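Participant: Before I ask anything, let me first share the structure, which is written out below as C-alpha coordinates.
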Amino acid sequence: MTNYLTNELEHLTIDGADAVSLAETYGTPLYVYDVSKIRQTMRAFKTLFEKENVPYVVSYASKAFATKAIYQVAQQEGIHADIVSGGELVTAIKAGFDTKHLSFNGNNKSFDELTLAVEKGVGTIIIDNFLELKLLSTIAQEHQIKQDILLRISPGISAHTHEFISTGQQDSKFGFDLLTGQAKEAFQIAKNDDNLNLRGLHAHIGSQIFDVTGFEKNAALLADTAQSWGWQPAVINVGGGFGIRYTADDKPLPESEYVAAIIRTLKGKAASYDWKMPEIWIEPGRSIVGPAGQTLYTIGSRKDIPDIRHYLAVDGGMGDNIRPALYQAQYEAVLANQPNAQTKEVVRVAGKYCESGDVLVWQQALPETQPGDILSVLATGAYGYAMASNYNRNPRPAVVFVENGKHQLVVARETYEHIMSLDKDYTLQSSTK
Ligand SMILES: *Cc1c(COP(=O)(O)O)cnc(C)c1O
(Lines of atoms letter the chains of each structure in order from A and count residues from 1; the text may use other names and numbers.)
(Lines give C-alpha, C1' and ligand atoms only; values in the text may rest on other atoms or scores of the structure.)
Protein backbone atom coordinates (compact mmCIF):
# COMPACT_ATOMS: atom_id res chain seq x y z
CA MET A 1 0.00 0.00 0.00
CA THR A 2 1.13 3.46 -0.81
CA ASN A 3 1.93 5.64 2.12
CA TYR A 4 0.61 9.08 1.28
CA LEU A 5 2.15 12.26 2.63
CA THR A 6 -0.03 13.69 5.37
CA ASN A 7 0.03 16.48 7.95
CA GLU A 8 -0.75 16.45 11.69
CA LEU A 9 -4.50 16.19 10.89
CA GLU A 10 -3.70 13.06 8.88
CA HIS A 11 -4.98 14.85 5.79
CA LEU A 12 -3.39 14.33 2.40
CA THR A 13 -0.89 17.04 1.54
CA ILE A 14 -0.05 18.35 -1.92
CA ASP A 15 3.38 20.01 -2.05
CA GLY A 16 2.90 20.98 1.58
CA ALA A 17 -0.74 22.16 1.37
CA ASP A 18 -3.64 20.40 3.10
CA ALA A 19 -5.89 18.89 0.38
CA VAL A 20 -9.00 19.13 2.56
CA SER A 21 -8.49 22.79 3.29
CA LEU A 22 -7.80 23.47 -0.42
CA ALA A 23 -11.20 21.88 -1.13
CA GLU A 24 -12.78 24.10 1.54
CA THR A 25 -11.08 27.24 0.26
CA TYR A 26 -11.69 26.81 -3.47
CA GLY A 27 -14.61 24.35 -3.62
CA THR A 28 -14.81 21.08 -5.52
CA PRO A 29 -14.27 19.67 -8.05
CA LEU A 30 -10.84 21.24 -8.03
CA TYR A 31 -7.74 20.56 -10.10
CA VAL A 32 -4.63 20.93 -7.95
CA TYR A 33 -1.06 20.94 -9.31
CA ASP A 34 2.15 20.34 -7.39
CA VAL A 35 4.36 22.94 -9.05
CA SER A 36 7.55 21.68 -7.41
CA LYS A 37 6.97 18.36 -9.13
CA ILE A 38 6.39 20.06 -12.49
CA ARG A 39 9.65 21.99 -12.13
CA GLN A 40 11.53 18.84 -11.10
CA THR A 41 10.39 16.99 -14.20
CA MET A 42 11.21 19.90 -16.51
CA ARG A 43 14.68 20.19 -14.96
CA ALA A 44 15.27 16.45 -15.08
CA PHE A 45 14.66 16.39 -18.85
CA LYS A 46 17.08 19.27 -19.40
CA THR A 47 19.75 17.78 -17.16
CA LEU A 48 19.76 14.54 -19.14
CA PHE A 49 20.76 16.35 -22.31
CA GLU A 50 23.19 18.65 -20.55
CA LYS A 51 25.01 15.72 -18.95
CA GLU A 52 25.41 14.14 -22.37
CA ASN A 53 26.54 17.46 -23.80
CA VAL A 54 24.21 17.32 -26.81
CA PRO A 55 22.28 20.28 -28.27
CA TYR A 56 18.60 19.93 -27.40
CA VAL A 57 15.21 21.51 -26.98
CA VAL A 58 12.68 20.27 -24.44
CA SER A 59 9.33 21.47 -25.72
CA TYR A 60 6.36 21.03 -23.40
CA ALA A 61 3.42 19.65 -25.42
CA SER A 62 0.97 22.14 -24.03
CA LYS A 63 -2.17 20.44 -25.29
CA ALA A 64 -1.88 18.27 -22.16
CA PHE A 65 -2.69 21.33 -20.03
CA ALA A 66 -2.67 24.77 -21.64
CA THR A 67 -3.19 27.68 -19.28
CA LYS A 68 -1.32 30.94 -18.77
CA ALA A 69 0.17 29.63 -15.53
CA ILE A 70 1.81 26.56 -17.04
CA TYR A 71 3.32 28.54 -19.93
CA GLN A 72 4.77 30.86 -17.28
CA VAL A 73 6.31 27.98 -15.33
CA ALA A 74 7.71 26.50 -18.56
CA GLN A 75 9.25 29.83 -19.47
CA GLN A 76 10.78 30.21 -15.99
CA GLU A 77 12.33 26.77 -16.38
CA GLY A 78 13.77 27.63 -19.78
CA ILE A 79 11.83 25.09 -21.76
CA HIS A 80 9.99 25.59 -25.02
CA ALA A 81 6.36 24.74 -25.75
CA ASP A 82 4.50 23.01 -28.50
CA ILE A 83 1.09 24.38 -29.51
CA VAL A 84 -1.61 22.90 -31.73
CA SER A 85 -4.12 25.71 -32.19
CA GLY A 86 -4.65 29.45 -32.36
CA GLY A 87 -6.21 29.26 -28.90
CA GLU A 88 -3.07 27.76 -27.38
CA LEU A 89 -0.97 30.34 -29.23
CA VAL A 90 -3.02 33.20 -27.81
CA THR A 91 -2.85 31.71 -24.32
CA ALA A 92 0.95 31.45 -24.56
CA ILE A 93 1.20 35.04 -25.82
CA LYS A 94 -1.02 36.31 -22.99
CA ALA A 95 1.21 34.44 -20.57
CA GLY A 96 4.17 36.40 -21.90
CA PHE A 97 5.76 33.33 -23.45
CA ASP A 98 8.56 34.00 -25.93
CA THR A 99 6.96 33.01 -29.25
CA LYS A 100 10.37 32.15 -30.73
CA HIS A 101 10.29 29.20 -28.31
CA LEU A 102 6.98 27.89 -29.65
CA SER A 103 6.56 25.16 -32.22
CA PHE A 104 3.22 24.68 -33.93
CA ASN A 105 1.93 21.15 -34.66
CA GLY A 106 -1.36 19.98 -36.13
CA ASN A 107 -2.76 18.30 -39.23
CA ASN A 108 -5.13 21.05 -40.37
CA LYS A 109 -3.85 24.43 -39.27
CA SER A 110 -6.03 27.09 -40.84
CA PHE A 111 -4.91 30.03 -42.93
CA ASP A 112 -5.83 32.32 -40.02
CA GLU A 113 -3.88 30.23 -37.51
CA LEU A 114 -0.80 30.13 -39.73
CA THR A 115 -1.04 33.87 -40.38
CA LEU A 116 -1.31 34.58 -36.65
CA ALA A 117 1.68 32.31 -36.01
CA VAL A 118 3.80 34.12 -38.60
CA GLU A 119 2.72 37.56 -37.37
CA LYS A 120 3.47 36.65 -33.76
CA GLY A 121 6.86 35.20 -34.58
CA VAL A 122 6.29 31.54 -33.72
CA GLY A 123 9.76 30.01 -33.90
CA THR A 124 9.01 26.75 -35.67
CA ILE A 125 6.07 25.49 -37.66
CA ILE A 126 5.90 21.74 -38.00
CA ILE A 127 4.47 21.17 -41.45
CA ASP A 128 2.06 18.30 -41.69
CA ASN A 129 0.81 18.23 -45.30
CA PHE A 130 1.12 19.66 -48.83
CA LEU A 131 -1.64 22.23 -48.43
CA GLU A 132 0.11 23.67 -45.41
CA LEU A 133 3.44 23.82 -47.27
CA LYS A 134 1.81 26.00 -49.89
CA LEU A 135 -0.21 28.15 -47.47
CA LEU A 136 2.72 28.83 -45.20
CA SER A 137 5.02 29.69 -48.09
CA THR A 138 2.51 32.27 -49.32
CA ILE A 139 1.98 33.75 -45.87
CA ALA A 140 5.72 33.92 -45.17
CA GLN A 141 6.29 35.64 -48.51
CA GLU A 142 3.57 38.21 -47.81
CA HIS A 143 5.16 38.95 -44.45
CA GLN A 144 8.65 38.97 -45.97
CA ILE A 145 10.09 36.46 -43.58
CA LYS A 146 11.75 33.11 -43.95
CA GLN A 147 9.88 30.77 -41.60
CA ASP A 148 11.73 27.97 -39.79
CA ILE A 149 9.96 24.67 -40.30
CA LEU A 150 10.26 20.97 -39.59
CA LEU A 151 8.51 18.31 -41.65
CA ARG A 152 6.30 15.89 -39.80
CA ILE A 153 6.72 12.34 -40.99
CA SER A 154 4.38 9.43 -40.31
CA PRO A 155 7.06 6.90 -39.71
CA GLY A 156 5.09 3.66 -39.93
CA ILE A 157 6.00 2.65 -36.39
CA SER A 158 3.32 1.20 -34.15
CA ALA A 159 3.59 2.21 -30.54
CA HIS A 160 2.15 -0.33 -28.13
CA THR A 161 -0.63 1.79 -26.74
CA HIS A 162 -4.34 2.55 -27.20
CA GLU A 163 -5.34 2.89 -30.86
CA PHE A 164 -6.66 6.42 -30.43
CA ILE A 165 -3.46 7.72 -28.84
CA SER A 166 -1.20 5.93 -31.29
CA THR A 167 -0.10 8.28 -34.07
CA GLY A 168 2.98 6.77 -35.72
CA GLN A 169 1.47 3.86 -37.64
CA GLN A 170 1.18 4.24 -41.41
CA ASP A 171 -2.63 4.56 -41.33
CA SER A 172 -2.66 7.88 -39.47
CA LYS A 173 -4.02 11.32 -40.27
CA PHE A 174 -0.75 12.96 -39.14
CA GLY A 175 2.30 13.77 -41.23
CA PHE A 176 3.78 12.96 -44.61
CA ASP A 177 3.73 9.29 -45.45
CA LEU A 178 7.23 7.90 -45.68
CA LEU A 179 6.67 4.55 -47.37
CA THR A 180 4.88 5.96 -50.44
CA GLY A 181 7.43 8.71 -51.10
CA GLN A 182 5.25 11.65 -50.01
CA ALA A 183 7.76 12.66 -47.37
CA LYS A 184 10.56 12.89 -49.91
CA GLU A 185 8.40 14.95 -52.23
CA ALA A 186 7.60 17.34 -49.37
CA PHE A 187 11.31 17.54 -48.55
CA GLN A 188 12.15 18.58 -52.11
CA ILE A 189 9.42 21.23 -52.18
CA ALA A 190 10.40 22.62 -48.76
CA LYS A 191 14.11 22.63 -49.51
CA ASN A 192 13.60 24.67 -52.67
CA ASP A 193 11.16 27.16 -51.17
CA ASP A 194 12.75 30.57 -50.57
CA ASN A 195 10.19 31.45 -47.91
CA LEU A 196 10.77 28.38 -45.77
CA ASN A 197 13.86 27.36 -43.85
CA LEU A 198 13.72 23.60 -43.45
CA ARG A 199 15.60 22.72 -40.26
CA GLY A 200 14.74 19.10 -39.68
CA LEU A 201 12.30 16.26 -39.30
CA HIS A 202 9.65 15.44 -36.73
CA ALA A 203 7.78 12.27 -35.85
CA HIS A 204 5.64 11.49 -32.82
CA ILE A 205 4.73 7.83 -32.41
CA GLY A 206 2.01 8.04 -29.79
CA SER A 207 1.32 8.46 -26.10
CA GLN A 208 1.62 6.62 -22.81
CA ILE A 209 4.47 4.47 -24.17
CA PHE A 210 6.38 2.22 -21.79
CA ASP A 211 9.28 0.82 -23.78
CA VAL A 212 12.29 2.45 -25.37
CA THR A 213 12.32 0.52 -28.64
CA GLY A 214 9.68 2.69 -30.36
CA PHE A 215 11.67 5.83 -29.53
CA GLU A 216 14.92 4.25 -30.71
CA LYS A 217 13.36 3.11 -33.97
CA ASN A 218 11.79 6.51 -34.51
CA ALA A 219 15.03 8.41 -33.91
CA ALA A 220 16.97 6.02 -36.15
CA LEU A 221 14.37 6.20 -38.88
CA LEU A 222 14.38 10.00 -38.98
CA ALA A 223 18.18 10.06 -39.21
CA ASP A 224 18.29 7.31 -41.86
CA THR A 225 15.60 9.08 -43.85
CA ALA A 226 17.48 12.38 -43.92
CA GLN A 227 20.69 10.58 -44.85
CA SER A 228 18.94 8.74 -47.67
CA TRP A 229 17.93 12.12 -49.08
CA GLY A 230 21.55 13.27 -48.91
CA TRP A 231 20.71 15.84 -46.29
CA GLN A 232 22.11 16.67 -42.88
CA PRO A 233 19.28 18.02 -40.69
CA ALA A 234 19.90 20.59 -37.96
CA VAL A 235 17.00 19.20 -35.87
CA ILE A 236 15.61 15.76 -35.15
CA ASN A 237 12.34 16.00 -33.20
CA VAL A 238 11.18 12.65 -31.83
CA GLY A 239 7.95 13.91 -30.23
CA GLY A 240 6.63 12.99 -26.81
CA GLY A 241 4.58 10.15 -25.38
CA PHE A 242 6.63 9.04 -22.37
CA GLY A 243 4.36 6.87 -20.24
CA ILE A 244 3.37 7.71 -16.67
CA ARG A 245 1.99 5.79 -13.73
CA TYR A 246 -1.76 6.11 -13.35
CA THR A 247 -2.21 2.92 -11.33
CA ALA A 248 -0.05 0.21 -9.82
CA ASP A 249 -0.39 -1.73 -13.09
CA ASP A 250 1.55 0.95 -14.96
CA LYS A 251 5.30 0.41 -14.82
CA PRO A 252 6.85 3.35 -16.64
CA LEU A 253 10.61 3.59 -17.03
CA PRO A 254 12.21 6.68 -15.58
CA GLU A 255 12.32 9.49 -18.20
CA SER A 256 16.08 9.13 -18.19
CA GLU A 257 15.87 5.74 -19.91
CA TYR A 258 13.80 6.98 -22.83
CA VAL A 259 15.94 10.05 -23.28
CA ALA A 260 19.21 8.14 -22.90
CA ALA A 261 18.08 5.71 -25.61
CA ILE A 262 17.18 8.56 -27.96
CA ILE A 263 20.50 10.32 -27.36
CA ARG A 264 22.48 7.09 -27.79
CA THR A 265 20.70 6.33 -31.07
CA LEU A 266 21.23 9.77 -32.55
CA LYS A 267 24.84 10.06 -31.38
CA GLY A 268 25.47 6.77 -33.14
CA LYS A 269 23.78 7.95 -36.33
CA ALA A 270 25.60 11.29 -36.32
CA ALA A 271 28.93 9.50 -35.92
CA SER A 272 28.30 6.95 -38.62
CA TYR A 273 27.02 9.56 -41.08
CA ASP A 274 29.76 12.00 -40.13
CA TRP A 275 27.21 14.68 -39.22
CA LYS A 276 27.52 17.60 -36.88
CA MET A 277 25.38 16.45 -33.93
CA PRO A 278 21.80 17.61 -34.70
CA GLU A 279 19.70 19.27 -32.01
CA ILE A 280 17.49 16.65 -30.38
CA TRP A 281 14.00 17.94 -29.68
CA ILE A 282 11.50 16.16 -27.45
CA GLU A 283 7.87 17.09 -26.77
CA PRO A 284 6.76 15.63 -23.43
CA GLY A 285 3.26 16.61 -22.34
CA ARG A 286 1.71 14.01 -20.08
CA SER A 287 4.94 13.17 -18.26
CA ILE A 288 5.42 16.80 -17.22
CA VAL A 289 1.94 17.63 -15.93
CA GLY A 290 0.16 14.26 -15.50
CA PRO A 291 1.64 12.99 -12.24
CA ALA A 292 1.79 16.54 -10.82
CA GLY A 293 -1.98 17.04 -11.00
CA GLN A 294 -4.87 15.62 -9.04
CA THR A 295 -8.58 16.35 -8.82
CA LEU A 296 -10.40 16.83 -5.54
CA TYR A 297 -14.07 15.90 -5.36
CA THR A 298 -16.73 15.87 -2.66
CA ILE A 299 -18.33 12.50 -2.10
CA GLY A 300 -22.13 12.49 -2.38
CA SER A 301 -24.61 9.69 -2.92
CA ARG A 302 -23.97 5.98 -3.20
CA LYS A 303 -25.75 2.99 -4.64
CA ASP A 304 -25.11 -0.52 -3.35
CA ILE A 305 -26.21 -3.39 -5.55
CA PRO A 306 -25.79 -6.50 -3.38
CA ASP A 307 -23.30 -9.00 -4.83
CA ILE A 308 -22.76 -6.76 -7.85
CA ARG A 309 -21.20 -3.40 -7.11
CA HIS A 310 -20.92 -0.35 -4.89
CA TYR A 311 -21.19 2.94 -6.72
CA LEU A 312 -19.83 6.01 -5.00
CA ALA A 313 -20.80 9.27 -6.67
CA VAL A 314 -18.81 12.51 -6.58
CA ASP A 315 -19.59 16.07 -7.63
CA GLY A 316 -17.63 15.93 -10.93
CA GLY A 317 -17.08 13.30 -13.61
CA MET A 318 -16.71 13.09 -17.38
CA GLY A 319 -17.00 16.87 -17.75
CA ASP A 320 -13.70 17.32 -15.89
CA ASN A 321 -12.09 13.99 -16.83
CA ILE A 322 -13.31 12.36 -20.02
CA ARG A 323 -10.45 9.86 -20.23
CA PRO A 324 -12.07 6.89 -18.47
CA ALA A 325 -15.14 7.18 -20.70
CA LEU A 326 -13.05 7.83 -23.82
CA TYR A 327 -10.21 5.34 -23.43
CA GLN A 328 -11.23 3.16 -20.47
CA ALA A 329 -8.38 4.99 -18.76
CA GLN A 330 -7.56 3.77 -15.25
CA TYR A 331 -6.92 5.97 -12.24
CA GLU A 332 -6.39 5.58 -8.53
CA ALA A 333 -8.18 7.59 -5.88
CA VAL A 334 -7.48 8.28 -2.24
CA LEU A 335 -9.62 9.61 0.58
CA ALA A 336 -8.01 13.01 1.15
CA ASN A 337 -9.24 13.39 4.73
CA GLN A 338 -7.79 9.96 5.67
CA PRO A 339 -5.43 8.76 2.96
CA ASN A 340 -3.66 6.14 5.02
CA ALA A 341 -6.70 4.58 6.71
CA GLN A 342 -7.34 0.86 6.33
CA THR A 343 -9.42 0.14 3.21
CA LYS A 344 -12.81 -1.55 3.78
CA GLU A 345 -14.52 -1.95 0.41
CA VAL A 346 -14.00 -1.78 -3.33
CA VAL A 347 -16.13 0.80 -5.09
CA ARG A 348 -16.63 2.24 -8.55
CA VAL A 349 -16.28 6.01 -8.42
CA ALA A 350 -18.94 7.50 -10.68
CA GLY A 351 -19.60 11.09 -11.67
CA LYS A 352 -22.77 13.16 -11.71
CA TYR A 353 -23.25 13.28 -15.50
CA CYS A 354 -26.11 11.60 -17.33
CA GLU A 355 -24.15 8.78 -18.98
CA SER A 356 -23.57 5.27 -17.68
CA GLY A 357 -19.98 5.58 -18.91
CA ASP A 358 -19.45 8.54 -16.61
CA VAL A 359 -16.89 6.82 -14.40
CA LEU A 360 -13.75 8.27 -12.81
CA VAL A 361 -12.27 5.14 -11.24
CA TRP A 362 -13.42 1.70 -12.31
CA GLN A 363 -12.27 -0.13 -9.16
CA GLN A 364 -10.99 1.50 -6.02
CA ALA A 365 -10.40 0.12 -2.52
CA LEU A 366 -11.35 2.77 0.02
CA PRO A 367 -11.94 3.08 3.74
CA GLU A 368 -15.50 3.68 4.86
CA THR A 369 -16.64 7.04 3.46
CA GLN A 370 -19.29 9.58 4.35
CA PRO A 371 -21.06 12.14 2.17
CA GLY A 372 -18.95 15.28 2.38
CA ASP A 373 -15.62 13.45 2.48
CA ILE A 374 -13.00 14.64 0.01
CA LEU A 375 -11.78 12.17 -2.59
CA SER A 376 -8.67 12.84 -4.63
CA VAL A 377 -8.27 11.18 -8.03
CA LEU A 378 -4.53 11.05 -8.69
CA ALA A 379 -2.43 11.80 -11.77
CA THR A 380 -5.15 13.77 -13.56
CA GLY A 381 -2.85 16.62 -14.55
CA ALA A 382 -2.69 15.77 -18.26
CA TYR A 383 -5.69 15.86 -20.59
CA GLY A 384 -8.09 16.46 -17.70
CA TYR A 385 -8.74 20.18 -17.59
CA ALA A 386 -7.53 20.35 -21.20
CA MET A 387 -10.41 18.13 -22.35
CA ALA A 388 -13.01 19.45 -19.90
CA SER A 389 -16.47 20.32 -21.20
CA ASN A 390 -19.71 21.89 -20.09
CA TYR A 391 -21.68 18.71 -20.68
CA ASN A 392 -24.98 18.84 -18.80
CA ARG A 393 -24.25 22.56 -18.44
CA ASN A 394 -21.93 21.96 -15.55
CA PRO A 395 -19.39 24.74 -14.98
CA ARG A 396 -15.76 23.66 -15.38
CA PRO A 397 -13.75 23.46 -12.14
CA ALA A 398 -11.09 25.85 -10.93
CA VAL A 399 -7.36 25.14 -11.11
CA VAL A 400 -5.00 25.80 -8.20
CA PHE A 401 -1.20 25.72 -8.24
CA VAL A 402 0.60 24.77 -5.02
CA GLU A 403 4.28 25.33 -4.40
CA ASN A 404 6.01 24.64 -1.10
CA GLY A 405 2.79 24.93 0.88
CA LYS A 406 1.60 28.16 -0.78
CA HIS A 407 -1.35 28.06 -3.14
CA GLN A 408 -2.80 30.27 -5.84
CA LEU A 409 -5.86 30.15 -8.07
CA VAL A 410 -4.67 30.04 -11.69
CA VAL A 411 -7.98 29.33 -13.44
CA ALA A 412 -11.19 30.55 -11.82
CA ARG A 413 -14.18 28.28 -11.45
CA GLU A 414 -16.77 28.81 -14.15
CA THR A 415 -20.13 30.15 -13.05
CA TYR A 416 -23.61 29.77 -14.51
CA GLU A 417 -23.14 33.27 -15.94
CA HIS A 418 -20.12 32.06 -17.91
CA ILE A 419 -22.12 29.15 -19.21
CA MET A 420 -24.95 31.43 -20.28
CA SER A 421 -22.74 34.18 -21.67
CA LEU A 422 -22.82 33.07 -25.31
CA ASP A 423 -26.49 32.04 -25.46
CA LYS A 424 -28.88 34.28 -27.38
CA ASP A 425 -32.66 34.33 -27.36
CA TYR A 426 -34.40 32.91 -30.40
CA THR A 427 -36.84 35.50 -31.70
CA LEU A 428 -37.71 34.51 -35.27
CA GLN A 429 -41.41 33.74 -35.72
CA SER A 430 -42.44 30.50 -37.35
CA SER A 431 -43.58 31.17 -40.94
CA THR A 432 -45.94 28.20 -41.00
CA LYS A 433 -49.50 29.13 -40.20
C1 LIG B 1 0.24 14.83 -27.98
C2 LIG B 1 1.57 15.11 -28.58
C3 LIG B 1 2.69 15.15 -27.77
C4 LIG B 1 2.67 14.85 -26.29
O5 LIG B 1 2.29 13.57 -25.98
P6 LIG B 1 2.33 13.13 -24.43
O7 LIG B 1 1.83 11.74 -24.43
O8 LIG B 1 1.42 14.05 -23.70
O9 LIG B 1 3.74 13.26 -23.98
C10 LIG B 1 3.90 15.48 -28.35
N11 LIG B 1 3.99 15.74 -29.68
C12 LIG B 1 2.91 15.71 -30.48
C13 LIG B 1 3.07 16.03 -31.91
C14 LIG B 1 1.67 15.39 -29.97
O15 LIG B 1 0.61 15.34 -30.77
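Just so it is clear, glycine is given a Cβ too, placed from its N, Cα and C backbone atoms.
What TrEMBL says about a protein is an automatic prediction, not a curated fact.
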Participant: Which of Arg286, Arg302, Arg309, Arg413 shares the substrate site with Arg323, Tyr327, Glu355, Tyr383 per TrEMBL?
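Facilitator: Looking at Arg286, Arg302, Arg309, Arg413, the one TrEMBL places in the substrate site next to Arg323, Tyr327, Glu355, Tyr383 is Arg286.
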Participant: Gly241, Gly317, Gly319, Gly351: which one does TrEMBL list with Glu283, Pro284, Gly285, Arg286, Tyr383 for the pyridoxal 5'-phosphate site?
Facilitator: Gly241
Participant: About how far apart, in whole Å, are the alpha carbons (Cα) of Arg323 (substrate binding site) and Tyr383 (pyridoxal 5'-phosphate binding site)?
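Facilitator: Counting only the Cα atoms, the answer is 8 Å.
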Participant: Among the binding-site residues Glu283, Glu355, which residue has its Cβ surrounded by the fewest other Cβ atoms within 10 Å?
Facilitator: Glu355
Participant: Tell me which recorded positions (Glu283, Gly285, Arg286, Cys354, Glu355, Tyr383) have a Cβ under 6 A from ligand 1; sequence order is fine.
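Facilitator: Only Glu283, Gly285, Arg286 qualify.
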Participant: By CA distance, which of the recorded positions (Lys63, Tyr327, Cys354, Glu355) lies nearest to Gly285 (pyridoxal 5'-phosphate binding site)?
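Facilitator: Going through Lys63, Tyr327, Cys354, Glu355 one by one, the closest to Gly285 (pyridoxal 5'-phosphate binding site) is Lys63.
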Participant: Among Arg286, Arg323, Tyr327, Glu355, Tyr383, which the record lists as binding substrate, how far apart in Å are the two most distant Cα atoms?
Facilitator: 26
